[in-house]
């Protein structure tokens with residue numbers, strides 16, 4: 001993954017396009033309760049932005065922008081955010097993941113808030129896990145890459 | 001009522017916490033505490049009685065429900081005990097071969113695996129079963145790959161391919177049942193099946209679900225993944241898998257059979273005869289395979305294939321006595337086989353030819369191993385005898401003569417492979433260098449051996465528990 | 001032939017193709033591809049099941065009264081995630097196998113394995 005692209009066109013276009021990808025990811029994340037989308041799709045789009053960056057500017061630059069160590073913290077945090085909502089409702093005496101517990105006086109608002117929080121958790125985890133998978137495969141030492149014979 | 005989710009939830013929450021906090025010693029401690037807490041929650045479930053819990057407040061049949069009754073409480077207990085037993089065999093300093101920069105992940109995966117198994121055992125939703133099946137399976141593939149030596153990697157890949165096929169069959173079958181009934185709730189599907197406009201979809205869906213769980217429980221001839229997965233994985237994982245992995249799939253198999261389709265449907269489609277034939281083949285070829293092995297853990301794995309045949313023999317009778325025997329067999333076999341895998345852990349060599357002299361090198365291990373192997377054989381006054389006796393009775397009463405004959409033949413073959421473990425242990429050998437066994441493994445060996453002996457003399461409470469499980473299922 | 005069942009026929013064809021690849025090939029990467037095709041066939045079956053004649057995408061909008069059934073879509077989203085995890089884990093195992101054996105060719109590895117256990 002060390003060879004970086006020297007094409008000026010590619011580099012310029014990529015720099016223009018990545019913010020848009022990330023912005024679209026955020027839109028899909030937070031608009032998920034009204035339209036198509038949600039945490040999983042948003043996480044994938046967000047990760048795709050970073051993958052594009054790594055492909056054009058090299059893995060080293062990408063891991064400076066988003067270190068694997070941070071991703072290792074973000075992934076479990078997302079799961080804990082999701083599960084935390086469930087545990088909170090359990091502790092408040094409601095069923096597991098019953099969003100009503102968040103705001104018992106206004107159940108509709110509570111559903112709204114609940115889905116937003118857990119989708120944020122999903123988005124965080126999907127983003128960081130997908131990017132970690134990419135880092136793991138791309139960063140592997142390729143001293144002797146798969147030969148053609150192996151593939152036959 | 002909300003406490004029904006705890007056995008699956010506690011380990012599920014611990015896994016991300018372990019990844020977040022890290023450190024192999026802290027991770028081991030956290031996993032141990034979490035499984036201990038989950039065990040306490042299971043004990044609490046025993047005092048609750050039969051109950052249901054709707055996740056998110058969405059009542060069945062729309063929402064996902066968790067159902068706890070007499071049938072799955074013993075299974076949940078089994079999962080947590082096997083999980084703790086496995087952890088005793090994997091204190092952090094014994095995972096030296098794990099070169100991973102983050103060894104704590106091993107324990108996170110271990111918790112995920114236990115959580116998945118507990119989820120399969122406690123959910124009442126057919127699709128949720130698939131989800132938890134995959135959670136536990138994916139964790140298991142990675143855990144198997146963490147085994148010492150490079151052969152673990154190939155065993156894990158083999159398991160991944162076959163296990164994914166099994167999981168996909170379950171998914172396919174659940175989809176067909178959903179097509180035929182419009183419901184994913186097991187109790188609801190059961191009520192809707194008689195009036196279903198698509199009886200053929202019910203039949204095909206049922207066949208796929210049952211096939212998937214047969215693959216997951218390694219019923220002969222779908223057992224190819226098991227020897228590698230058991231014998232190449234780290235010992236802690238082998239203990240967990242042998243103790244609860246296939247048992248949970250067998251539980252899910254019986255739950256779908258009796259909870260969704262019912263005895264009359266099963267008889268009408270000859271599921272009982274198919275299971276009987278497969279059980280006989282498993283008993284026979286499992287024991288024959290075990291005799292030919294040259295490594296201790298591979299021998300134990302092949303013996304497990306035969307034991308799965310015994311359990312399925314009990315299920316195939318479709319009778320209360322048969323199910324009771326199957327449940328007793330599952331519990332006792334988990335103790336015995338789990339104990340034997342505990343005894344196999346920490347041995348300098350896994351090969352059978354290196355067993356001679358073990359009695360001098362590590363007397364406690366040799367004694368425990370001998371007693372447990374005898375219990376595996378079914379010698380009177382051990383737990384193995386009780387389970388085999390109940391099973392033989394149930395098979396005889398149901399008139400499955402073929403089953404009884406193969407049962408006897410397989411038990412005779414078991415003498416041969418148990419002798420291959422027990423006899424060399426007490427032979428003299430020039431190698432008298434003592435084996436150092438960590439205290440946690442000693443404790444695990446003593447506990448399982450004591451359980452195998454105590455329940456052999458005093459099996460009453462366990463049999464009663466399983467009697468109630470059988471009544472709840474039918 | 002009833003065109004209404006065309007998705008069903010497609011799913012069966014994919015199912016058989018995938019299963020054949022998994023069972024007939026030695027190359028682990030091809031077997032993973034087969035598994036993915038096998039799973040995709042099941043996804044097709046589920047999604048087709050959710051179709052309702054004349055229904056649109058299940059998003060609330062004015063003037064639309066018929067929606068296709070969203071539940072199978074949700075179920076399959078879960079199954080797709082499981083499939084992705086399986087694929088990543090499988091490929092990671094293949095990378096590790098290649099690092100350890102220097103080959104992923106089944107015949108070659110079997111020759112290496114003739115050497116006794118450590």
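Just so it is clear, glycine is given a Cβ too, placed from its N, Cα and C backbone atoms.
Whatever TrEMBL says is automated annotation, not expert-curated.
Here TrEMBL flags B:6-22 (among others) as transmembrane segment.
Long-range Cβ contacts of the transmembrane segment (B:75-92) within its own chain (Cβ-Cβ under 8 Å, at least 6 residues beyond either end) map to 7, 11, 24-25, 27-28, 31-32, 35-36, 38-39, 42-43, 45-46, 68, 103, 106-107, 110, 114, 117-118, 121-122, 234-240, 242-244, 247-248, 251, 330-331, 334, 338, 341-342, 345-346, 438, 440-441, 443-444, 447-448. The transmembrane segment annotation in TrEMBL covers B:75-92 (among others).
For B:104-121 (among others), the entry in TrEMBL reads transmembrane segment.
Annotation source TrEMBL lists domain 'NADH:quinone oxidoreductase/Mrp antiporter transmembrane' at B:125-413.
The transmembrane segment feature in TrEMBL is assigned to B:127-147 (among others). A Cβ distance under 8 Å defines the sequence-distant neighbours of the transmembrane segment (B:127-147), meaning residues of its chain 6+ beyond its ends; these are 8, 64, 98, 100, 106, 109-110, 112-117, 119-120, 153, 155-157, 159-160, 163-164, 167, 170-171, 174, 178, 184, 216, 228-229, 232-234, 237, 241, 245, 248, 252.
Per TrEMBL, the feature transmembrane segment maps to B:159-181 (among others). Below 8 angstroms of C-beta separation, residues 126-127, 129-130, 133-134, 137, 140-141, 144, 188-189, 192-193, 196-199, 201-202, 204-213, 215-216, 222, 224-225, 228-229, 260 of the same chain, each at least six residues beyond the ends of the transmembrane segment (B:159-181), sit close to that stretch.
As annotated by TrEMBL, transmembrane segment applies to B:201-222 (among others). Residues 126, 133, 137, 162-163, 165-177, 179-181, 193, 246-247, 249-250, 252-253, 256-257, 260-261, 265, 269, 271, 278-279, 281-282, 285-286, 304-305, 308-309, 312 of the same chain sit 6 or more residues outside the transmembrane segment (B:201-222) yet have a Cβ under 8 Å from a Cβ within it.
Taken from TrEMBL, the feature transmembrane segment covers B:274-291 (among others).
What TrEMBL lists as transmembrane segment is B:298-319 (among others). Panel annotation: around the transmembrane segment (B:298-319), residues 217-220, 223, 226-227, 229-231, 242, 246-247, 250, 253-254, 257, 263, 266-267, 272-273, 275-276, 278-287, 289-290, 325-326, 329-330, 333, 337, 340-341, 344, 352, 376, 387-388, 391, 394-395, 397-398, 400, 403, 407, 410, 414, 417, 420-421 of the same chain, lying at least six beyond its termini, place a Cβ under 8 Å from a Cβ of the stretch.
Under the heading transmembrane segment, TrEMBL lists B:325-347 (among others).
The annotation transmembrane segment is assigned in TrEMBL to B:368-387 (among others).
Outside the transmembrane segment (B:399-419) by six or more residues, the chain places 276-277, 279-280, 283-284, 286-288, 290-291, 293, 299, 302-303, 306, 309-310, 313, 316-317, 373-374, 376-378, 388, 391-392 with a CB less than 8 A from a CB of the stretch. Annotation comment: TrEMBL describes B:399-419 (among others) as transmembrane segment.
Beyond the ends of the transmembrane segment (B:440-458), by six or more residues, the same chain brings 85, 88-89, 91, 332, 335-336, 338-339, 342-343, 345-346, 364-365, 367-368, 371-372, 375, 380-386 to within a C-beta distance below 8 angstroms of the stretch. Marked as transmembrane segment by TrEMBL: B:440-458 (among others).
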